[in-house]
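A quick write-up on the structure given underneath.
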Amino acid sequence: MRGEQGAAGARVLQFTNCRILRGGKLLREDLWVRGGRILDPEKLFFEERRVADERRDCGGRILAPGFIDVQINGGFGVDFSQATENVCSGVALVARRILSHGVTSFCPTLVTSPPEVYHKVVPQIPVKSGGPHGAGVLGLHLEGPFISREKRGAHPEAHLRSFEANAFQDLLATYGPLDNVRIVTLAPELGRSHEVIRELTARGICVSLGHSVADLRAAEDAVWSGATFITHLFNAMLPFHHRDPGIVGLLTSDRLPAGRCIFYGMIADGTHTNPAALRIAHRAHPQGLVLVTDAIPALGLGNGRHTLGQQEVEVDGLTAYVAGCSVESALEAASLHPAQLLGLEKSKGTLDFGADADFVVLDDSLHVQATYISGELVWQAEAARQ
């Protein structure tokens, strides 16, 4: 009650002359914010008989929910999979720098590593609210080591693991405590994987299928056990085949639990996934698309040699590519859909009344002009300050 009274007495901000993404459409409406949340102006007018304390003219720009990145391995020279002495400061650096990209929440991602790395790193990256210091941490995404050797990609083969007789205990022995974990990517064809999926989902951890040679039946069985996500669709999995489409077939399968939405991550850079493949996936299952960066520590550093977990990678040219859907759909794929995947759609990924006031201001070319967390300006482009 005291918190509600405090919010009622807080300053009211009114963002005018803008287009708000709400209900899948860009609407010419004002956005009202108070106490860090989106406010219903009718209640303000008719119940409290108040008006805004401050108006901010948005110059006709787009206001969309803050972006949520559920797969980011690091950036700006920071590698989340490196067991350094300053893990927390590295995460803080990335959290601060991604504000300029419109990201208000993220899941730091660890690639396949030896147990001692997980035991040192995982406890040091707790869930944390966002603010002027940086984007919020929603929990860790552990990608590996329980994945296919054939589809390991950049994951080091020496540290890959399979499930032993006590499957879930083996996972705990590898990762350590799971308090800070939000997503685990594994290969569903591994023996005893389904009991692991059930144990993880029972603890509120999202299970994603990836780096796998699973056929469609194995993938469908994994969904029945509780899996809800596909890690970077098309990459590091069997290619689509008309007789057995593999994990990709989950997008149109009729053997899934009633009402279950399968989400799939896609790296829309024009390199990991051809734009035509992105369009095919989106047209087949638009409500499941989750845009991810899968960013590596080289993000923001340009060409050269950089680390990714226990390995070195060579970067030669960085590009970004968006194609295949409307502006509204693309924005929802970067905000609403990842929030739904994580069960946070009441508070994140939306500008509905009562939701957290995490949002991004964009121009017509979708360049980020400003980023807000809990209604507070946390980053602004130089040009927007004029």
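Each residue, glycine too, has its Cβ placed from N, Cα and C.
Database features, via TrEMBL:
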DOMAIN    62-378  domain 'Amidohydrolase-related'
BINDING   GLU143, HIS211, HIS232  Zn(2+) binding site
ACT_SITE  ASP294  active site, proton donor/acceptor
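Over the domain 'Amidohydrolase-related' (62-378), the average per-residue pLDDT in this prediction is 91.
Its Cβ taken as reference, HIS211 (Zn(2+) binding site) is surrounded by 29 other Cβ atoms within 10 Å in the chains shown. Taking the centre of the Cβ atoms of GLU143, HIS211, HIS232 as the Zn(2+) site, the nearby residues of that chain (Cβ within 8 Å, site residues left out) are GLN71, GLY144, ILE147, GLY153, HIS155, THR185, SER208, GLY210, THR231, ASN235, ALA236. The Cβ of HIS232 (Zn(2+) binding site) has 22 other Cβ atoms within 10 Å, all protein chains considered. Of all Cβ atoms in the shown protein chains, 20 besides its own fall within 10 Å of the Cβ of ASP294 (active site, proton donor/acceptor).
The two recorded residues, GLU143 (Zn(2+) binding site) and the residue listed as 'active site, proton donor/acceptor', show a Cα separation of 11 Å. Using a 10 Å radius centred on the Cβ of GLU143 (Zn(2+) binding site) and all shown protein chains, the other Cβ atoms total 29. On a Cα basis, the residue listed as 'active site, proton donor/acceptor' lies 14 Å away from HIS211 (Zn(2+) binding site). Counting only the Cα atoms, the space from the residue listed as 'active site, proton donor/acceptor' to HIS232 (Zn(2+) binding site) is about 8 angstrom.
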